[in-house]
Structure formats: structure tokens, C-alpha cells
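Shown next, in C-alpha cells, is the structure this report addresses.
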Amino acid sequence: MRTLDGVGSTPRSGVGTARWYRPEADLTLPDRPAPESVDVDTELARYESARDAVREALREARDRTAERVGEEEAAVFEAHEGFLDDPTIIEDVEAAIRDGTPAPHAVADRFGEAVAQFEGMEGRMAERADDLRDVRDRLLRALLGADGGEGGQAVTDLAALPDGTVLLAERLTPSDTATLDPDAVAGIATIEGGRTSHAAIIARSLAIPAVVGVGAELDSVADGETVLVDGEAGKVVVDPDEDLRAAAREAGPEAIRDRVETIDGRSVEVATNVGGEAELAPAAERGADGIGLFRTEFLFVDREAPPTEDEQYEAVTAALSAFSDDRVVVRTLDVGGDKPVPYLDLPDEPNPFLGRRGIRLSLDEHADLFETQLRALLRAAATEDGDGLAVMFPLVTRVEEVERAVARVEAVADDLTSEGVDHAVPELGAMVETPAAAFLADALAERLDFLSVGTNDLAQYVMAADRGNDAVADYHDPLHPAVLRALDRTTAAVEGTDAWVGMCGEMAGDPALTELLVGLGFDELSMSAVTVPDVKRRVREVDADAARSLAADALACETRSEVLDVLGLDDRAA
Ligand code: PEP
Ligand code: MG
């Protein structure tokens, strides 16, 4: 038995038989012929038909991902198509072919340069290098015939792996991952990759145990060996003993359908975050008590114009009927920052995270989109399941923003009344994602029905650490005492008022933090569906009084390591 360390990505364990996926082995280029012997027209035609085949394969991958995983994750294939049809890249490849370079070499050269450029960047931009590699390899497979001309499909059929496969790879692309059958694949381990790469996000949505960034040591694992992937601890165990195997084979925790409360009877709602319709049924199956965050921006990506009022109404009513007895919190459009939408023509800003995003856009340059969205939401609130609807505003920093947003809702309600259209005004709330909102939580709660803390952004703004920049990942830390005090400030401001307070940032889905969050006073926790059963289980073990004193101890800490001590946690990635 030997153990390799990596970064846990999907917090699940699985055990199975190792199988390497090495698509690059099939992409060796033939020697370069002399330029004068290259038939330029033939090579140009080959390049064009390879692009057609890859485009078709990408669209298939997009549709499959949208169906199996969700629109949010499927949107990445639009980016792939963007690289495939990037006019500068096409121009450069065609120019190289005209100079006597065969199509495969021209593609490998030009994409090689682009990959190197992205690899030199930080954070999420560096992760785009994976997407470029994916497009390059698909083109090369189509050109070199390694796929039998099928549009750049992988040589190993990832969709048809035998049951109990643990897939090992240098890296997986998002399309590779979306192809996997979650019932057949017991786990994934990769040499490279980070927790926030698109491939890791897709694996998490499919609930496939995954450990990424294991490093070159993973090469020492041979095909056919028995391997355990522990996505919780970030470990890959080769030839695990029987006890470990038995523990890993245990099915993930069973869904708890009922609502849960602490030992001493405090109820805590455990809801889920969704980005689109495909995620509704799996979330309900995992026992989510409702939707704590519907990220509507994913209705806006992956298309050429904004969704119509009716399309938005359909999406929201689908969520309401999937959770007909529960609350469904829909967040109004939150674009900007790291969520660009090409057709919205967002300003090019030096610091987009400190620029025009969230409610700022909705109250100003995107007032028209805001109005359309509010019309759809107010109509949805009047449907059979509509009384569960709640609407929240993103990236609030000023009381006036809330007042203006509420006034917009009232104005839209008046318009609908004068048009004779059925509607109702849902519960209204704001996200607490900025220090300003945490400091003003009392004033916000006075004007609204609820607040929901987005720790992904809150940690970034409290700690001055870009959430997508690996170089400051350890600063982007929700367990830093300053962030904990911002959480406390928020929950304390809501206590004793009629408003409720939830959390929908990633922190909410970590069962090791459930006691702390209950102790801080959160009424609702919302997370990716995969961790809903664990968090529900954990809530049932918590004693609310003990949790409060644990939270008080954590709030008295001055450093992260003191907080970890109080929580009894080993050091862990921020
Ligand atoms: C957050 O900021 O924590 C949040 C939930 O919103 P998003 O991740 O969509 O920015
Ligand atoms: Mg946010």
C-alpha cells in the first residue's frame, strides 16, 4: 500500500482499477516535409474539414454536458468553439499552410504558441490553456486520422469505460470529463490541474471522486493496479488494504429527505445552489430543502442575445415546480467580474472585480435587462408554486442600491397591474459579498426579508485576494478571523429582526464547518448538491448551545491557525 498526495476536488471516495488515459500518445506528428512538396490547397481543405468535424463534436459535447451536468458547465464548450473559430488563429494557421507547412504542423505550432501564452498568465486565465489544448488535440486527432475521422473524439472511448475504472491522466479536459459515465468511473486522479478548473467543477457536479494535481509520482501507478481515490483527504492510495477498500466502497451518504434540526431543536435549512434546469432533479434527489441560490447569469451565457421574459419565466417556474414545497432563491443577473457575457458589451476595466458588476449594472446600464428579469420573476411569483419564490440582489454595497432595487420591483408590479398581468411580489433579499454590506447588514435587514452571505466574494474583498488567483489562494480564506468577524457582524445584525440569514458561498458546503456556521447563527446553508447529505447529517449532530460557544471562541482568535485549533481541524487548504 502506498499513498500519493494531491488536491481533493470532489469530496467522495472510490476504489477501482487504474486505467491510464494518454490521448497525447496518439498525436505524434510525422516528420515535416519540404515546403515545396506540400499541396497547399489540399492542406487548406483538410484544415477546414477538420474544423467542421471538431465543431460538430464540440456541439455534441455541449449538449451532452448541458443534459447531464448543467448549462453552467456546458458553457465552456462555447469558449472552445471560440478558440476553434478565432479569426487570428485561423489566419495564422492558413498563412503557415500557404508557406508550405502541412495542416497538422501548422495547427500544432500556432496552438502551441497560444497555450504557452495562457500558461504564462495567472489564475483562471492559466486554466484556459487546458481549453486550448483540448481544441488543439481534437484538431490534431481529426487531421491525423487517429479518430477515424470522427471529429476529434478521444481514442480511448471515455464514454464506455468498464465499471469500476479509476481514470488516471496527465490532465483531463472539460470535454473528457463531461463524457464520463458517473456510474462506471469510480474515481479520477490527474498529474496536473486545480480545484477550480472546469474539469474539476464538472467532476464535482457528476459526483465522481477526484484528486487533482498529484504530480509526476502518479506515473508510478500501472494500468490494472487497484487504486483508491480519496477526494476528501486529497489522497490516492495504491493497493489499499481491505479496511480502506470497504470504507471507500460505501455508497455516498444517503439522502435525507426530511428537514433537519440540531440535537436541541434548532432548524437549519440545507439548500442547494443551481445554475440551470439540468441540476434541479439531481439536487432534489440529494434531499436539498430548496434552492438557496439560482445563479441566473447562466441563463445569459452561451447564446447571442439575452433570454426573453418568457424564457426566464419558464426557467424560474421549472425551479419552483421542482421544489414546490420549498423556498427558491433566485439571484438577479450577476455579470461582470469573472463572468463576462460577450453580447452585453461590458466595459473593459483594469480591475473588473472592483468595477461594474452585479447590482451596479442592473441599476444603470442594464436597467432594461433588470426590468425584463423582474417582470418574469413577479409573474412566476403568482403561479401555483410561486409563493416559495425569493429574489435577491448581488454585490450590494449601498443602502440606496437596495432602495432603488425595491423601487424597481414596485414599479414593475405597477406596470403589470396596469397591463392586467397576474403577478405577486416575492420575498426580497440581498447578498452580503462585500465588507460594506457586512458593516451595513442592520440597515439592509431593515429594508429586506433576508440576507445571504456569498463567502466566495466576501473573502476576496475582506482579504484583498482575487478569488481566481492561485498566487494568493492562501489569503482567500473564509476561516481568517477577519472573514469570520464579517460573518458574525452580519448574523448579529439580523438576530431579533424578522429577516432570516443564509450563506450560499462555497464555505456553506463544508461539513467540517457546519457547527461553526450554526453557532454563528445562520438559518440556512446553500451548497452544491453533492454535499447536501453530509451537511444535513452534520446538522443533526450539532448542539446549538455548544455551537454558539465554539463560534465565540473562533471569533476571539487572531489568526487562522488559532481558528483551526478551536475547530479541531488539521491545517487544510484555504
Ligand atoms: C459568492 O460570492 O460567494 C457567491 C455565492 O456568488 P458567486 O460565486 O456566483 O460570485
Ligand atoms: Mg459572488
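Even glycines carry a Cβ here, placed using N, Cα and C.
Taken verbatim from TrEMBL:
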REGION    1-40  region 'Disordered'
DOMAIN    6-128  domain 'Phosphotransferase system enzyme I N-terminal'
DOMAIN    161-234  domain 'PEP-utilising enzyme mobile'
ACT_SITE  H198  active site, tele-phosphohistidine intermediate
DOMAIN    261-543  domain 'PEP-utilising enzyme C-terminal'
BINDING   R295, R331, N456, D457, R467  phosphoenolpyruvate binding site
BINDING   E433, D457  Mg(2+) binding site
ACT_SITE  C504  active site, proton donor
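Model confidence over the domain 'PEP-utilising enzyme mobile' (161-234) is summarised by a mean pLDDT of 87.
Under DSSP, residues within the region 'Disordered' (1-40) fall into helix, strand and coil as 8 helix, 17 strand, 15 coil.
In this structure, the binding-site residues under consideration are E433, D457, and the one with the smallest number of other Cβ atoms within 10 Å of its Cβ is D457. The DSSP secondary structure for N456 (phosphoenolpyruvate binding site) is helix.
Taking E433 (Mg(2+) binding site) as the reference point, the binding-site residues whose C-alpha atoms are within 10 Å of its C-alpha, out of R331, N456, D457, are N456, D457. Long-range neighbours of N456 (phosphoenolpyruvate binding site) (same chain, six or more residues apart, CB within less than 8 Å of its CB): E433, R467, G505, E506. C504 (active site, proton donor) sits 11 Å from R295 (phosphoenolpyruvate binding site), taking the CA atoms of both as reference points. In the vicinity of ligand 1, defined as a Cβ distance under 6 Å, the following of the binding-site residues R331, E433, N456, D457, R467 are placed: E433, N456, D457. With helix defined as DSSP H, G or I and strand as E or B, the domain 'PEP-utilising enzyme mobile' (161-234) counts 19 helix, 19 strand, 36 coil.
DSSP assigns R467 (phosphoenolpyruvate binding site) to coil in the three-state reduction, placing it in neither a helix nor a strand. Considering other CB atoms within 10 Å as the measure, the emptiest surroundings among the recorded positions R295, R331, R467, C504 are those of R295. With a cut-off of 6 Å between Cβ and the nearest atom of ligand 2, the recorded positions E433, R467, C504 reduce to E433.
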